[in-house]
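Chemist: Quick one: structure below, then a few questions.
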Amino acid sequence: KTGSSSLTLILSGIPGMAVSGSWVAVPLCCLYLLMLLGNCSLLWAMRREQVLHTPMYQLLSMLALADLGLSLCTLPTVLAAFCGPAAALPFRACLAQMYFIHAFSAIESGVLVAMAFDRFVAICHPLHYGSVLSSSLVARAGLLIVLRGVCVVLPVAVLMARMPFCRSRVLSHSFCLHQDMLRLACGDVRPSSWYGLSAVILTKGLDLLAILLSYVLIARAILGTVSPAARAKAFSTCLSHLCAVLIFYIPLISLSLIHRFGKHLPPLVPTLLADAYLLVPPVLNPLVYTWKTKQIRRRILLLLCRR
C-alpha cells in the first residue's frame, strides 16, 4: 500500500499510443483557444449590450463562467499528457483537479436547470416574467447553485483523500475523475463509490428530470398556441438551451454508464467520451448562443471590426 501524500499518478493520452505527439496537442490547443475566445467574447458582449441585461442572459453569463472554470482546471494536465510521453501529477494536485472538475460540472448542471425555469416562465407565464424572475432572484439562485456544487462534491474529495493505493498508478484520462481514481484504490471503496453515485443522482439526475418536466410543460403551452408563427417563435427561443442541455448531458450520461458498466469496451471509448464531456460544451455553447442571438452577434462583430 502507498500513502496518498507521497503518491504520484500518471496521466494518459490516447490509449495504445506510446507518444501522442504534437499532432494531437495542436488541435487541442486550438480547441482551448476557441473555448477561451468564445466564452470571453460572450461575457464581454453581454456586459456591453444593455438589452442583454436580463435574467436569461445573466444565467448565460453563469453558464459561460462555469464552462471557463471546467476547461481551465483541465488545461494544464491535458496539454502535459499530450505533449510528452508520460505526465505525472502529485496525488494532492490530482485530488484538487478532481474536486474542481466535478464541482464546476454540478454548477453547470444547476445553471441549465435555472435556464430551463427561465424558459418555462417566459413561455408559460409571459405576463409574470418580470415579477417572477427579478435580478435579485437570479443572484440568489446563482449563489445557491454554486454552494450546492461546492458542498456536494466536498465529501467525495474527503473520502478519496483517505483511501490507500496499491494498484497501478496510471489513470485512464489526461485529467482526474472520481471513478478513474477510485479504481486505483485498494481497501473498501464502497462508501466513496456509493456516495459518488448518490451525489450524481441527487444533482445531475434530479436536474435532468427538472429540465425534462419544464420542457413537457413548455411543449404543452407551445402546442396549445393557435398561431403557427407564434409556435415557431416560442420554440426558437428554447433551441439554444436545448442544444446546451444535449451537449452537456449526452457525454456525461454516456461516460457515467461506461465507467460503471462498460469495462469490456476498448479504452479509447471512455477516453474520447471524457474529452467530449469536458471540451465539447465549453466550445459549442458560445457558438450556439452567438448564432441564435442577434445582439450578441452584433456586439462581437463590432469588436472584430474595430480590431
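Don't overthink the numbers, they just go from 1 along the chain as shown.
Cβ coordinates are placed from backbone N, Cα and C, and glycine is handled just like the others.
Predicted automatically and left uncurated, TrEMBL annotations should be read as such.
Below are the features I grabbed from TrEMBL:
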DOMAIN    38-289  domain 'G-protein coupled receptors family 1 profile'
TRANSMEM  20-45  transmembrane segment
TRANSMEM  57-79  transmembrane segment
TRANSMEM  99-117  transmembrane segment
TRANSMEM  137-161  transmembrane segment
TRANSMEM  239-262  transmembrane segment
TRANSMEM  268-289  transmembrane segment
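Tell me what's around each of these sites.
Modeler: With a cut-off of 8 Å between Cβ atoms, the residues of this chain six or more beyond the transmembrane segment (99-117) that come close are 56, 59-60, 62-63, 66-67, 69-70, 73-74, 138, 141-142, 144-146, 148-150, 152-154, 156-157, 175-178, 199, 203-204, 207-208, 210-211, 214-215, 241, 244-245, 248, 252, 278, 281.
Long-range neighbours of the transmembrane segment (239-262) within the same chain, counting only residues 6 or more positions beyond its ends whose Cβ lies under 8 Å from a Cβ of the stretch, are 63, 105, 108-109, 112, 115-116, 119, 177, 179-180, 197, 200, 204, 208, 211, 215, 269-270, 273-274, 276-277, 280-281, 284-285, 288-289, 292-293.
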Chemist: Over the domain 'G-protein coupled receptors family 1 profile' (38-289), what is the model's mean pLDDT?
Modeler: 86
